[in-house]
Amino acid sequence: MTLFRSSLRLRLPVTLLSPPPIHKHSRLFSASHRLFTAAEMPVDTSQRLAKLRELMKERHVDVYLIPSEDSHQSEYIAPCDARRAFISGFTGSAGCAIVSMSKAALSTDGRYFNQAAKQLDENWLLLKRGMENVPTWQEWTAEQAEGGKVVGVDPSLITAAEARKLSDTIKNTGGSLVGVPDNLVDLVWGGDRPARPREKVMVHPIEFAGQSFEEKITDLRKELTKKKRAGMVISMLDEIAWLYNLRGADIPFNPVFFAYAIVTHSTAELFVDEAKLTQAVKEHLGDKVALRPYESIFESLKLLSQAAASNGDEGHQKFLLSDKASWSLNLALGGEEKVEEVRSPIADAKAVKNAVELEGTRACHIRDGAALTEYFAWLENELINKKTVLNEVDASDKLAQIRSKHKDFVGLSFDTISSTGPNAAIIHYRAERGNCPNIDPNAVYLCDSGAQYLDGTTDTTRTLHFGKPTEMEKKAYTLVLKGLISIDTAVFPKGTTGYAIDAFARQHLWRNGLDYLHGTGHGVGSYLNVHEGPMGIGTRVQYAETPITAGNVLSDEPGYYEDGNFGIRIENIVVAKEVKTPHKFGDKPWIGFEHVTMTPLCQNLMDTSLLTAEEKKWVNDYHTEVWEKTKGFFNNDELTRNWLKRETQPI
């Protein structure tokens, strides 16, 4: 079997990296399609690991890496790409599996420590990322490579930058990194591997997009001219969907489709399975975008690189490639000599919503807030007044049904987190149908949910208690609420990053020796991925490099979690905007936030003695706004209207 070493100057064997055949796949865009759940017992991975090690031995690989991402570096993936989950049994969205001939380790972050501990069997070591004296997965891999061992990875599943950094780390212990074009986990999976999805691609109308795809391509070409580059190769699925004003359903909850794109100064191409395109899509693209087979991307890159080499202008021989694009794409274009790795200008443009997208975001959050209000009123009535026994999935199914009644609803934006009591402490918990607890009205109930509407994407978390909360539960909730308010009311000079304001949300917890192991905020797409970059609020390096800009849409979601006891999280979506200030130091614009989430907070969990007068006013003003913007949905629904009226009374 052909291997290629970690030098990025080597060419990729195109024939070896063609994607697997595309087969018909059922639509996966709703809560009824739960592939994995946090409540599952560990899977026995012994046979899977044994088969993988046999393949490693055949290919002279001593250590094999299984990242979470697909060949487009997607955070959320199609079932056919859930390789790390298959080999390890751990189903969280983030992590990396490392398998040597005698050991196996799984590294993940604080969101998933509890889940991973439950799902990994005795074959696996859990590496808790960021914890003291715990090696990173790169360091652990390098340790296993000591003495000249070979580390292998599918080059389509990591970026070129990751490959370079990892190669250097491994070399320090005497090992080496190679790319293994045929994915070994796919070979272990065999015929049981889910088929590749072939869902239809649809046009995203200008009434929701706010800008034509022709205008977006023109803007991108201006960037190419500015940087003196021949073109840009695009592999991130949400960037392709946004650029061409198209949407799909190939990945659960994310309205994207498998494709690549190339834009030069004179051409625009879309590499996609043409059978997925409706006639409306073909008419939409017209003669402005050339259609190519999805599988032909690597051969096209080789030809493109050769054509650029004949250009006399040395600067125009290089192509822009996102720093998130795969190592295999980088090599196919010619490596460092032909590629400039950049933060994608498309990602930056997409993150700054236009006026139409912002109006859509506001409108869909009002409708979504009404849906959540109806749901919480129903849930309290069932649990308290009717004494109905409901489990976590029963409840989330009802929420999905309520949401589906609203205008322009398409589906959910992620699998609803419906968690009672100690399950609320599992940050990314998933209730298992047929094997989840009943909701305890005398315990905390945390609901993190969202939806896809044609005019926007929503993501809201509310923590409620229908009985008598403990003093610690009330204290924790109120400290988290203070953090949410601190972000909501923050004002800062243009150029400030989300890294810089993350402590605003944590300060109240920190004063009490408390904290949470996740970011405070992420970007949100416009009828696109619920997690969107490049900006965010947290301690990631990327967040320190990306200023928050007017037009960004972000979550504001501090939390607190006690393992085995309870969890608290409150989440609103906010829009960054320029604000007026009494003064203007440095003659800079100043940035603040506008909240768009319209769902009542839980007064039963508030310890108002911990709130300042300003914070109480914020809560009262917020609840007045929620009441005014959503009460009209309940003119014929006395139960919900009365619940909304009660929950929005002044504190």
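A Cβ is built for glycine as well, from the same backbone N, Cα and C atoms used for every other residue.
Among the candidates GLU473, GLU532, GLU571, GLU578, the one that Swiss-Prot lists alongside ASP459, GLU557 as binding Mn(2+) 1 is GLU571. Between the candidates ASP448, ASP563, Swiss-Prot assigns the Mn(2+) 2 site shared with ASP459, GLU571 to ASP448. The Cβ neighbour count for ASP459 (Mn(2+) 2 binding site), using a 10 Å radius and every protein chain shown, is 24. According to DSSP, ASP459 (Mn(2+) 2 binding site) is assigned to coil rather than to any helix or strand. On a Cα basis, GLU557 (Mn(2+) 1 binding site) lies 10 Å away from ASP448 (Mn(2+) 2 binding site). Apart from ASP448, ASP459, GLU571, the Mn(2+) 2 site neighbourhood in this chain, defined by C-beta within 8 angstroms of the site C-beta centre, holds SER449, GLY450, THR460, THR461, SER555, GLU557, ARG569. A distance of 10 Å separates the Cα atom of ASP459 (Mn(2+) 2 binding site) from that of GLU557 (Mn(2+) 1 binding site). Of all Cβ atoms in the shown protein chains, 22 besides its own fall within 10 Å of the Cβ of GLU571 (Mn(2+) 2 binding site).
The Cβ of GLU557 (Mn(2+) 1 binding site) lies under 8 Å from the Cβ of THR461, LEU484, THR520, GLY521, ARG569, ILE570, GLU571, ASN572, each of these being in the same chain and 6 or more residues away along the sequence.
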